[in-house]
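Colleague: I'd like to ask some things about the structure below.
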Amino acid sequence: MAMATSFYCSTAIPSKKTNQNRENFLCSPVGGSKTTPSYIRLSTRQSRTLSLVVSAAASGAAVEAEPKFAAVTPSKILSFRVGHGFDLHRLEPGYPLIIGGINIPHDRGCEAHSDGDVLLHCVVDAILGALGLPDIGQIFPDTDPKWKGAPSSVFIKEAVRLMDEAGYELGNLDATLILQRPKVSPHKEAIRQNLCQLLGADPCVVNLKAKTHEKVDSLGENRSIAAHTVVLLMRK
């Protein structure tokens, strides 16, 4: 019997082919998607039959694969899911500055299609990301006039509904605001409490931090505001 050795392992290779206990796997979009394929376990006989079907189809013959080959393995349900969200908006005179649903006094605010709440937007994206769903811009496109000037609490409530529908609850949330001015510390607790209320979460699982950008680039020059959020979702 010939032996093949690699850096990782040593595997015995039989001198002749054998069909004993042979299994084949077919990657198919049935029950999955183009980006998340499902795997179908085929016996040797089924594999040969399917090869004939594919060959016949390639030659132009009208042949249909039997449905019994489309049995798929159910998706694994995860106990925990982690998501990250990021958002940034320009700061312009004449707009309100709303952070976490709280109106913050300032000489400029966020220019955006909705109310421009950078914190709530990135929280929504973090939840959607953890659930493996499209981002906030796809679910609430800025090309849709019905979201013009909409309060971001609408987006948060929809994200919470989707989370609940998927069978998950918030384990914890950690958010970071990045802006040069104004100082967030006088308003931080009000922002956090409102965020907890919108999420239906205990305050002990929601954390909020604020950082300046050391007067570097648009964030440090009071021309923009940004936020990052990480969430942990737990299976109910």
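Note that Cβ sites are derived from N, Cα and C of the backbone, with glycine treated the same way.
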Colleague: Which of His121, His187, His213 does Swiss-Prot put in the same divalent metal cation site as Asp87, His89?
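Modeller: Candidate in the recorded divalent metal cation site: His121.
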Colleague: What does the structure give for the C-alpha distance between Thr143 (substrate binding site) and His89 (divalent metal cation binding site)? Integer Å is fine.
Modeller: 17
Colleague: Suppose we draw a 10 Å sphere around the Cβ of Lys211 (substrate binding site). How many other Cβ atoms does it contain, all chains included?
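Modeller: Lys211 (substrate binding site): 14 neighbouring Cβ atoms within 10 Å.
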Colleague: May I ask you to report the DSSP-based helix, strand or coil state of Cys122 (substrate binding site)?
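Modeller: Once the DSSP labels are grouped into three classes, Cys122 (substrate binding site) ends up as helix.
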Colleague: Beyond Asp87, His89, His121, what residues of that chain have CB atoms within 8 A of the centre of the divalent metal cation site's CB atoms?
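Modeller: For the divalent metal cation site, the extra neighbours are Leu88, Cys110, Ala112, Gly116, Asp117, Val118, Leu119, Cys122, Ile225, Ala226, Ala227.
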Colleague: In sequence order, what residues of the same chain, 6+ apart, have a Cβ less than 8 Å from the Cβ of Asp87 (substrate binding site)?
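Modeller: Residues satisfying the criterion: Val118, Leu119, His121, Cys122, Asp125, Ala226, Ala227.
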